[in-house]
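Participant: Before I ask anything, let me first share the structure, which is written out below as structure tokens.
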Amino acid sequence: NSSDLSPSSFILASIPGLEAAHFWMAIFLCSIYIVAVTGNCAVLFIVKTEPSLHAPMYFFLCMLAAIDLALSTSTVPRVLSFYWFNTREISFGACLVQMFLIHTLSAIESTVLLAMAVDRYVAICHPLRHAAILTNAVTVKIGLVAMARGVLFFLPLPLLLLPLPFCSSRLLSHSFCLHQDVMNLACANTTPSVVYGLTAILLVMGLDAVLICLSYILILKAVLRLASWKERLKVFSTCVAHICVVLAFYVPLIGLSVVHRFGKDLAPLVHVTMGNIYILVPTVLNPIIYGVRTKQIQKRILNLIHIYNN
């Protein structure tokens, strides 16, 4: 039966009843995408051109910006094409590539967030050893390990789906491709794919979240040992931006996982909205959070605006 063969394409999810509003939805998504690209490019430019920012914390911030650019660019243009030109079909190969990029980049971002938590822990709990432990060379190695970790853990996901037969239903739950979404359309035993996908998530995002929490428990203990509340607030304020970025990454991730696990009867609007939040919210918020919370970046942005206006 030809309907049981691997499909040549999947159909991206639309929101029933809102087809007439696709143009305006695309305008909104495009605006958010432009903000994300502009903000992350500004972070990369500022850190590159400002010698005083050539430190591990800002190199990690550059890694986040590059990841966010890659993640948004691998998904949003295709979504805009869907909303503007009604090109709802995505080829099987393109879907697997997009799925691999989304999960791999998310894993790399999770690892970088863990590295930033360790950076904050060393800076607060062992300030005299910070420069010796987290050198620029070590920072580059951490970035390479993060990339290798993401690729090695999530490359098997599309490979496990590649030989599966798919049923006649090709309609996805989101306007882009995710592993669990594509896997649910297979009409074969998906146990290996389910087990491996869950294992990869737990060993990467799950383990990173636990270690980030552990880092902040140790940071909190060190902060509470300080003499005055003013000193405690001053030291802990250096972690606020990172905590906000961690929440912006993990809250949509957990929300999307819950929707996939328990939300089979929810309206399509919930699935599409949660998917878009998962992709767009961190990429937009990360440069804004660090731009607001980091005085050096804030000052450099104001200088650029002043120069442009003159």
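Just so it is clear, glycine is given a Cβ too, placed from its N, Cα and C backbone atoms.
Because the structure is a prediction, the values reported are computed rather than measured.
What TrEMBL records for 20-46, 58-84, 90-118, 130-155, 194-219, 240-263, 269-292 is transmembrane segment. What TrEMBL records for 39-290 is domain 'G-protein coupled receptors family 1 profile'.
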Participant: Same chain only, please: residues at least 6 beyond the ends of the transmembrane segment (58-84) with a C-beta under 8 Å from a C-beta of the stretch. Say none if there are none.
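Facilitator: Sequence-distant neighbours of the transmembrane segment (58-84): 12, 14, 22-23, 25-26, 29-30, 33, 36-37, 40-41, 43-44, 47-48, 90, 98, 101-102, 105-106, 108-109, 112-113, 115-116, 119, 136, 139-140, 142-143, 146, 175-176, 245, 276, 279-280, 282-283, 286-287, 290.
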Participant: Quick one: mean pLDDT on the domain 'G-protein coupled receptors family 1 profile' (39-290)?
Facilitator: 90
Participant: At an 8 Å Cβ cut-off, counting only pairs 6 or more apart in sequence, do the transmembrane segment (90-118) and the transmembrane segment (20-46) clear the bar of 3 or more pairs?
Facilitator: no
Participant: Sort out for me which stretch, of 20-46, 130-155, 194-219, has the most Cβ pairs below 8 angstroms to the transmembrane segment (240-263).
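Facilitator: It is 194-219, which has the most Cβ pairs under 8 Å.
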